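Below is one structure; the comments refer to it alone.
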Amino acid sequence: DRELLLSFTALAALFITITVPLALSSEWITATWAVQALVMLWIAGKLDSKFLQHLGYVLYMIVLGRFICIDLPTQYIFVSTGMPLGEYAVQFMERLMIFGVPIASFVAAGRLLQSPPEGLPMAVERDNDIDNLVQGNWAVILAATVALGMLFVFTSLELREFLDAFVPGLCAGGISILWAVFALSMIGGGIYKNTRALRYVGLALFAVVAWKVFFVDLARLEQIYRIVAFLLSGILLLSGSFVYLTFRT
């Protein structure tokens, strides 16, 4: 079967390339599985195979489960208080690769599903394939949503790690500022892409930021950090309101 031959040839080559990182550390398993899932989707697009495409979906579900249940608790279980900057930088670069590769893989998967590669002459016949279980653009939407959610969680935890280690007084306010940046970005992206749901999520996140600033940060921040956090959060909130009211139509 030409489909299986090409698929297993490509996967065999991929397994060779991931042997070294797997041998060095189990923390790279999620990243290598994410790359493998992306390769499987690419092969599925070249062969126009829904069977391989759905296998890629299953592998992405495993990647997401491991990302949430294993990688996040393992990497962020300890607070880096008092850690030297050089040591933190090394750990940050490692975490950036561990979490950045799966996030980038989900982004690439969404782009790949939106614009499939040009098929080969040996594409799979419909009679030898399975039905498409994910109709329309739902796969693209899910990939983009998961990638955005993973990025939001990763950056929030990483910023908390950094602030706890070097600027502990600004920790709560720094998270609020980051969330406000996310909210503003989602509103801008929703306007640019004409996506109402993304705009509404951005507005909801702005509401969460406003509640957090007044009912959480106000009691936890020192005076100087309170001023900085309120000033930056206020600027971002006003910017988001201006952008939304100006360009929502």
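Quick reminder: no glycine exception, Cβ is built from N, Cα and C everywhere.
Taken from TrEMBL, the feature transmembrane segment applies to 29-45 (among others).
The transmembrane segment feature in TrEMBL is assigned to 57-76 (among others).
Annotation comment: TrEMBL describes 96-113 (among others) as transmembrane segment.
With a threshold of 8 Å between CB atoms, the same-chain residues lying at least 6 positions outside the transmembrane segment (134-154) that come near it are 54, 57, 60, 64, 67, 72, 99-100, 102-103, 106-107, 109-110, 113-114, 182, 186. TrEMBL lists 134-154 (among others) with the feature transmembrane segment.
According to TrEMBL, the transmembrane segment annotation covers 166-185 (among others).
Annotation comment: TrEMBL describes 197-215 (among others) as transmembrane segment.
Counting residues 6+ beyond its ends, the transmembrane segment (227-247) has Cβ neighbours under 8 Å at 170, 172-174, 176-177, 180-181, 183-184, 187-188, 191, 199, 202-203, 206, 209-210, 213, 217, 221 in the same chain. TrEMBL lists 227-247 (among others) with the feature transmembrane segment.
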When you scan the chain for residues with a C-beta under 8 Å from the transmembrane segment (197-215), skipping those not six or more beyond its ends, what do you find?
172-173, 175-176, 179-180, 182-187, 189-191, 229-230, 233, 236-237, 240, 244, 248
